[in-house]
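Database features (TrEMBL):
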ACT_SITE  LYS12  active site, charge relay system
ACT_SITE  THR57  active site, charge relay system
ACT_SITE  HIS240  active site, charge relay system
BINDING   THR57, ASP58, PHE152, ARG169, GLN212, ASN238  urate binding site
BINDING   THR57, PHE152, ARG169, GLN212, ASN238  5-hydroxyisourate binding site
BINDING   THR57, ASN238  O2 binding site
Amino acid sequence: MAIVLGPNRYGKAETRLVRVYRDGDTHGLVDFNVSVALSGDLTGTHLTGDNSGVLPTDTMKNTVYAFAKEHGTGEPEAFALLLGRHFVGTQAQVHAAKVSIESYGWERLGPHSFQRRGDHTRTTVVTVTGDATQVVSGVTGLVLLNSTDSEFHGFVKDRYTTLPEATDRILATAVDARWRHVGDDTDWGKSFTGALDALVKAFVGTYSYSLQQTLYAMGSGLLESRPEVAEVRLALPNKHHYRVDLSPFDLTNDNEVFIAGDRPYGLIEGTVTRDDVEPAIAEWWL
Ligand SMILES: O=c1[nH]c(=O)c2[nH]c(=O)[nH]c2[nH]1
């Protein structure tokens, strides 16, 4: 029996970067949370503490800030590619870089005034190796609700089933979606806006018999409208809304008064993919 070092990586997580673009009195604002993880020939530091191949995580943090000044950020996918290629291209012992960015939206209130948009976060995860790149874009925390056009019935019943069949219910979720791109050279801003639009449109436009059905409609809607996307992964919490029993007060409740449930929640997860695309080069499940 021998003990060996398994897969490993290291990096600086959650470097918070705010970049102001000063164009006279009118400023632009970019707000990122950048995480870098490098892997490669790092056996020495693990087995003997030989750090000769270790680029300090502090340097990775500095590189994020310096690149923001030197190159500007651009779209999150482009900035992640720039950083990933830099680390793999300049450090021979680094064989793969994974750069993840959360991008927070700010709405303009004036030439140099902004309001943080609280409704969703744009994400990207870029993997760069010596000969391949993989770009994943996504969104988290996008809360959507249909107050009707949702049913759930015909499900399995065993001795523990108490859930009543529903022919009219609220369907609500907080979308956590990621989509893997076919290539690495896309109009990232336009692609993201289009993908988000497709997800929302499918949620709104689907008469739903299960959140699973809505998940598939959202994934396939995105793929149908965005040829640059290979594969979509969705994690959809079923944000349950329970109809309140108002009969003790001699009141009817025709789907008008609900308790918004917190926990537990159903969690519906799935992948929707084209059947003719190259496989992923790195794991990218949520
Ligand atoms: O859309 C739903 N899918 C389920 O699998 C499920 N299970 C459940 O209790 N409610 C729901 N709703």
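For all residues, glycine too, the Cβ spot is worked out from N, Cα and C.
A simple Cβ count within 10 Å picks out one of the recorded positions THR57, GLN212, ASN238 as the most packed, and that one is ASN238. Among THR57, PHE152, ARG169, GLN212, ASN238, the residues given in the record as binding 5-hydroxyisourate, the maximal Cα to Cα distance rounds to 49 Å.
Highest local Cβ density among the recorded positions LYS12, ARG169, HIS240 belongs to ARG169, counted as other Cβ atoms within 10 Å over all protein chains shown. Screening the recorded positions LYS12, THR57, ASP58, ARG169, HIS240 for a C-beta under 6 A from any atom of ligand 1 leaves none. Comparing Cβ neighbour counts within 10 Å across the binding-site residues ASP58, PHE152, the minimum falls on ASP58. Here the candidates are the recorded positions THR57, PHE152, GLN212, and by Cα distance the one nearest HIS240 (active site, charge relay system) turns out to be PHE152.
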